[in-house]
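Okay, structure first, notes after.
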Amino acid sequence: MNLLTTKIDLDAIAHNTRVLKQMAGPAKLMAVVKANAYNHGVEKVAPVIAAHGADAFGVATLAEAMQLRDIGISQEVLCWIWTPEQDFRAAIDRNIDLAVISPAHAKALIETDAEHIRVSIKIDSGLHRSGVDEQEWEGVFSALAAAPHIEVTGMFTHLACADEPENPETDRQIIAFRRALALARKHGLECPVNHVCNSPAFLTRSDLHMEMVRPGLAFYGLEPVAGLEHGLKPAMTWEAKVSVVKQIEAGQGTSYGLTWRAEDRGFVAVVPAGYADGMPRHAQGKFSVTIDGLDYPQVGRVCMDQFVISLGDNPHGVEAGAKAVIFGENGHDATDFAERLDTINYEVVCRPTGRTVRAYV
């Protein structure tokens, strides 16, 4: 019996993929599976996504891209975080597309002795993170166009404010992106497959789908914009087994610093999940867990290995071994948990680590 588990519902992943594929229409569907498929386990998740409609996969690092090939993913794979100093030749040999995110990246690929290299140019259209800056566009485009072994499959950019559908910055970025695309084609780059839509843009701006869309979070069943509902099914549940139930007297405290004290005689329970497992220490007093459909507030400081919940006078007889849902099925969803912690659901599903055991259902 595992004390701390993330349950991953692969049927939910399959369902979400089918929903997104239908929404994509004629556009290709790229599944972003970086960070171990948003902490859902890429070895199990990616094949399910591949089998239910994904045309391509997107990852951050070379290691993530190579892992997809190792587990048998045959679709196109795009890697967008790498450096010219890395050994990227193995990725080229395994037909992995590499993002050109700066002139230095373009130069490294142009100078690589390879018969054929597939690249996608990342444009910095306003996020001001990675991507080719406007003053660099012409030089990069002309250099890539002159390299016979380079195939530019397309261009992409990342939107800064897509989770705010009314924010005008998105349209400003699209104008810049289209300007870059026109300039690239003027220099002889066909750029047949282009994409700008992350999950929020994909779900709120169908006019921006272009030739491909690039959602990530939505595959895991979470909505990226408050108030949206697209019939997605959350795939992750984080749950633990209560390890101890004990009585506490009025005025007695619990956990380090005794920062919480019981107002009345009652019971507390220990849940074996701490900051070493991804539960942030600053979550003290901000959330509750669900046991048999009832909420119990977290009290006192979150420790490295455990936290405490108040059972009141324990009218429902919670005992050691009871299942405490931190978020997910039969409990608060990841978005609600994130709001209580003043963060986003993207971060919340990436948090369960440490001694957490992943189980697939």
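Backbone N, Cα and C define each Cβ position, glycine as well.
These figures come from a predicted structure and were not determined experimentally.
Noted in Swiss-Prot for the protein shown:
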{"type": "ACT_SITE", "residues": "Lys34", "note": "active site, proton acceptor"}
{"type": "ACT_SITE", "residues": "Tyr256", "note": "active site, proton acceptor"}
{"type": "BINDING", "residues": "Arg129, Met304", "note": "substrate binding site"}
{"type": "MOD_RES", "residues": "Lys34", "note": "N6-(pyridoxal phosphate)lysine"}
By Cα-Cα distance, the member of recorded positions Lys34, Arg129, Met304 nearest Tyr256 (active site, proton acceptor): Met304
Met304 (substrate binding site) to Lys34 (active site, proton acceptor) - Cα separation in whole Å: 27
Fewest Cβ neighbours within 10 Å, where candidates are the recorded positions Lys34, Arg129: Arg129
Neighbour count (Cβ, 10 Å) for Met304 (substrate binding site): 11
Cβ packing number for Tyr256 (active site, proton acceptor), 10 Å threshold: 12
Spatial separation of Arg129 (substrate binding site) from Lys34 (active site, proton acceptor) - C-alpha basis, Å: 18
Three-state secondary structure, which DSSP defines for Tyr256 (active site, proton acceptor): helix
